[in-house]
């Protein structure tokens, strides 16, 4: 049998998926595996056939048994009753401590956990720790903490939260896949270092990482140094957030961190250098074999890095023993080892892309390159590898990240060779040279920095071509399977000398996929209103059945002035972290109408990210001129993009879709209004009518404005009321509720916010009238799906 590791790898992956979807006992799967090995082994012995099927099925059920066993063990031994209580923990730091502004975070393996004098004995369980730093002195001390150090600290435990908005990162699932079930929060003043393990290999490697990181800081400017720390050392968190967003939008985010290709290039370069200085092939392979695991740990042991390290290591072993290399078998071995170590990895995008693309490149690059009608082999191989990467990655990328740029193929074609064969080797040489002779490395570093900054400027420029960067909803599993089957069929037909009929059949099936997506992608409601949980702020998304999208406000928690050392490199932002991911997850590709009810930061401080990511056709705001820095930045960006900004005419009705009307009810400029310091009472007030279902969105208006509006208009009965000003006691008075008579009320407020919103009096007032109350601080994002005759309400918590 050829390539048993490949067959076993396919079976092992299938077994993990089987056990994930079918919750059966490990003993059941293990029994099946034993039966198959015995019966299948006997059959293969007698008839000398069926070995591939035997290996596949045996691996399948062994993997299912292994995954079920791991999944059953992946539970916490810490009682839920301890959540929120003050505890004392003793344990070992298991990850490189990360300091970002006034926050310190690391994973910790517990040796003991005490409540008072009672030891709870959760020995060996890991928790994720977040520590608040109070002073600069604590910041300096935090930077001295190392992996493998034993510390004692006081903390409060809490369960990781599920995502509170559609499209948001599922941090709970991420921690679960790393067998972490609790988050511990505390202050640095309660942290005590017990012992520091100086001789541990991981400590030695971490010290070298810090030394190399410091050398990059000395050779390059801050932004370029951060970029190279991601590229060479796997320190992705050091990359500028703006760079990461730009590269992610263009589909080249893999260039910001160490990938399998980078490890392969570096291993090849090291091997070539050893050969150049006179070592034999066997000795050079041995030195590379010793170098690879050290570099893998130095680079952070991400799945692509480990995969490439295993494959390169096996290649070096083959060279050492002068055996033929079989890259596809090496890939199978890497898959088996990595998925056995942590079977949850196969559900992560990085793991999926690394193995899928590597398999495709190994098997298809040569055949596709030979079929291209170009005489230059280098161009053919680059084009073939780029095509394979784009073809295979497309469903995975849109499933996990909800976006795909049609420019991705071009950008990857231009930049992947540049990064792999120019920037990466040059950066590595400059770093090594800098360790020996820093002044001599400055010239190379200067040239390289200019090249990297030029690439970043190009990426920033291309990111502004918003129409090319498309958002996609996550496709269903059947669509992904059909995509690969039909496109593979078409590719196979093209590669065959007489495969035209197959190509046509594949094209017809692919067209069927696209038609099916168009049909099934239409939602069964007229309007979808999403009140997003952006903390203490407001953001409402309106989608109609024919694709019209309106965004009303886009703010989160107010930003306060902080000491420079406290500022985070990548702080939470309502726009980048909540609104943009939600819009992408919905497959929204442009904002038809952006309404800024007023200029308070908790209503607009996330809009700049939205405007930079999505085309915006029109903007509506009140009559006040910009009053704060965020407003000025937004207006400048709108001006640069030539997006029209209008002040609505009171009483104007706009039909945004069939049976869907949007009417502006307020504000009406009066004498002195533009000079008022507070703009809450001049919020844009919107009445939305969906086939008779009335929705009132009043911004942050207060009681006096509510009274004025009751006198000004003849109001219909309101079905859904967005409670003004986050449920503040300065709004939503008795007469307002009596006249409007809402059935549902939505309150947008931050969980445990400092203002005490919503006010108890408002909640009591709503309950007294039997109004169904939905709160973002309690329910997460609240979704109303309004049809012609029905309303469906859901929440995301």
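Yeah, the Cβs are placed from backbone N, Cα and C, and that goes for glycine too.
Note: TrEMBL annotation is automatic and uncurated.
Taken from TrEMBL, the feature transmembrane segment covers 5-22, 28-46, 53-70, 251-272, 284-299, 350-369, 381-401, 413-436, 443-462, 477-495, 502-521. Residues or ranges marked as domain 'Metallo-beta-lactamase' by TrEMBL: 536-751.
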Inset, instruction - Check the transmembrane segment (477-495) against each of 53-70, 251-272, 284-299, 350-369 and return whichever range has the most CB pairs under 8 Å. - result: 350-369
Inset, instruction - Please average pLDDT over the domain 'Metallo-beta-lactamase' (536-751) for the predicted structure. - result: 91
Legend entry - Other parts of the chain folded back onto the transmembrane segment (5-22), taken as Cβ under 8 Å at six or more residues beyond its ends: 29, 52, 55-68, 71, 328-329, 331-333, 335-336, 339-340, 343, 346-347
